[in-house]
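Going by Swiss-Prot, these are the annotated features:
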ACT_SITE  C647  active site, nucleophile
BINDING   D123, D125, D127, E131  Ca(2+) 1 binding site
BINDING   N154, D156, D158, D166, D177, D180  Ca(2+) 2 binding site
BINDING   D156, D158, D180, D389  Ca(2+) 3 binding site
BINDING   D166, D169, K171  Ca(2+) 4 binding site
BINDING   E354, F408, L411, E412  Ca(2+) 5 binding site
Amino acid sequence: MLRERTVRLQYGSRVEAVYVLGTQLWTDVYSAAPAGAKTFSLKHSEGVKVEVVRDGEAEEVVTNGKQRWALSPSTTLRLSMAQASTEASSDKVTVNYYEEDGSAPIDQAGLFLTAIEISLDVDADRDGEVEKNNPKKASWTWGPEGQGAILLVNCDRDTPWLPKEDCSDEKVYSKQDLQDMSQMILRTKGPDRLPAGYEIVLYISMSDSDKVGVFYVENPFFGQRYIHILGRQKLYHVVKYTGGSAELLFFVEGLRFPDESFSGLVSIHVSLLEYMAEDIPLTPIFTDTVTFRIAPWIMTPNILPPVSVFVCCMKDNYLFLKEVKNLVEKTNCELKVCFQYMNRGDRWIQDEIEFGYIEAPHKGFPVVLDSPRDGNLKDFPIKQLLGPDFGYVTREPLFETVTSLDSFGNLEVSPPVTVNGKAYPLGRILIGSSFPLSGGRRMTKVVRDFLQAQQVQAPVELYSDWLTVGHVDEFMTFVPIPGKKEFRLLMASTSACYQLFREKQKEGHGEAIMFKGLGGMSSKRITINKILSNESLTQENQYFQRCLDWNRDILKKELALTEKDIIDLPALFKMDEDRQARAFFPNMVNMIVLDKDLGIPKPFGPQVEEECCLETHVRGLLEPLGLACTFIDDISAYHKFLGEVHCGTNVRRKPFTFKWWHMVP
């Protein structure tokens, strides 16, 4: 922010200058002196404060002009004013020059001043109101004491008949659209008119032009028009000076989320320009700057309350749908069914989208992240979710191959954690990747870069490429502990399964049958004894447990978890022709979490005393924590297609009460 400038005097002539309140004018009396001059005196209007600065020492000048000072190259004048002028050029400073012993001035130089107030203002203190001239408005800092304005990407669609998000064009069709934007006020105060040759200009840099847009409301009382003045091809806008005390209201929208090449910070400037002569560029004599940070996209972990549960209606999932509906009715959320005309045979709604939100002090709304997967559900987020106060964002790779790891069953987020004194109050994003140096599948770089650039939920890469589908939700999830600010990490465990089966075998239940009543699963009769005696299956699951333990160690380190924070759920996997794992029975960790109510894949485990021993075991682990276990039959509609309950559902949750700008990344 330019706060000091130099004005050059010329003996024998009158110089006019505009002074902006809060700045200082410097003028060199020595270089403006006529030949033979040795001393000078000063006269000035009462509205001007004049100081003679000699060798760094300042002396304030009274208005009568009797005192004289010796001319020297180290002598300058410092001028300031405290109030805006009511008339142009109404304040003046006169410098009289004298010969060494002369009593009458040999010449003089005059400076005629017009004082105005200019301030570009935003909500820099983040209280939802635009304050006046916050001294920290040009910078941006994190933390509860941080300063700096916040901008939302205007990625919802307030006008239903538009094909895309509101930020995709340069038009505003409603006041609702303006409410998504941050307010910016240009405050001016001064005489009815400025001296000739001055202009006030709003502008942005070329590098910010695709990241921010600014609108102005014309004729706010008679047939409002919303004028796009900055952004995209428009780098500057001349503001009409109206005189008196004025406030011009602008609305600012974000156009892009933070990304690999964009930190999220944008700046808007206002400059007062001075005209010199035709064909000579205007010169900036004052600049004020405001800085915004574009609000990041934030994921919501399982510990947050659910708002809506989404599930697809298929030809073969009527019973599954009914059980999910019964589960949802126990909670305070609503069930939203994606019917066949929209899902077009694609049941994997978890893989297509991830729900999150954006927030500023004045507003927030949910935003869905659309995966690069683009199955038959690809139109669902645009056609069914994007709307008023419901935003949309996507990232599509240009040259990378999209794999199963780009589906959002491979994108989860932890509850809030503190790791080695470093707080993650919004949790940490978890994505599955390939084993180091293996050259396997990995989530596409454009999505990873997007997640990293949001800054507030620092991602952790896990190892999921050992699985056929390769998603982190196949081996882990988080559950809240009702009534406490605690959670547990649930992990699939083949060793826990073998331990349970061996216990049941010792108790005399070795012939207990799995998949009882499901003749379509296999023509073979599968018992505990057969599983425990299958050496190849045992070896495979020992390898799979090593893969699980690798992830367990990463999660313990990156989330600062201890063994008491982790609950092992029995699981078995079998190796496919590519030596990757698929679930042997419905994978219970792939559950839906709705507060204390858990919708768990029904495992169809060995029947011990007419009860599934896997269900009994899991209830014994979770129900003492206050959680309610509902086992949902997904075996024919999801499990046989390599997915479970979590893969076939999606949950939009309430946002964090914690404000993201209060954290320090």
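A Cβ is built for glycine as well, from the same backbone N, Cα and C atoms used for every other residue.
Locations of recorded Swiss-Prot features on the structure.
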| residue | record | Cβ neighbours (10 Å) |
| --- | --- | --- |
| D125 | Ca(2+) 1 binding site | 17 |
| D127 | Ca(2+) 1 binding site | 10 |
| N154 | Ca(2+) 2 binding site | 23 |
| D158 | Ca(2+) 2 binding site | 21 |
| D169 | Ca(2+) 4 binding site | 14 |
| D177 | Ca(2+) 2 binding site | 22 |
| D180 | Ca(2+) 2 binding site | 27 |
| D389 | Ca(2+) 3 binding site | 15 |
| L411 | Ca(2+) 5 binding site | 26 |
| E412 | Ca(2+) 5 binding site | 25 |
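Closest to D123 (Ca(2+) 1 binding site) by Cα-Cα distance, out of the binding-site residues N154, D169, E354, D389, is N154. Annotation note: E354 (Ca(2+) 5 binding site) sits in a strand segment as assigned by DSSP. For the binding-site residues D127, D169, E354, D389, a Cα to Cα distance of within 10 angstroms from D156 (Ca(2+) 2 binding site) holds for D389.
The Cα of K171 (Ca(2+) 4 binding site) lies closest to that of D158, out of the binding-site residues D158, D389, F408. Counted within 10 Å of its Cβ, the other Cβ atoms near D123 (Ca(2+) 1 binding site) come to 24, all protein chains included.
According to DSSP, E412 (Ca(2+) 5 binding site) sits within a strand segment. Neighbours of the Ca(2+) 5 site: apart from E354, F408, L411, E412, residues of the same chain with C-beta atoms within 8 angstroms of the site's C-beta centroid are M299, Q350, L369, S371, G409, N410, V413, I431. When the Cα atoms are compared, N154 (Ca(2+) 2 binding site) and E354 (Ca(2+) 5 binding site) turn out to be 18 Å apart. In the three-state DSSP classification, D177 (Ca(2+) 2 binding site) falls within a helix.
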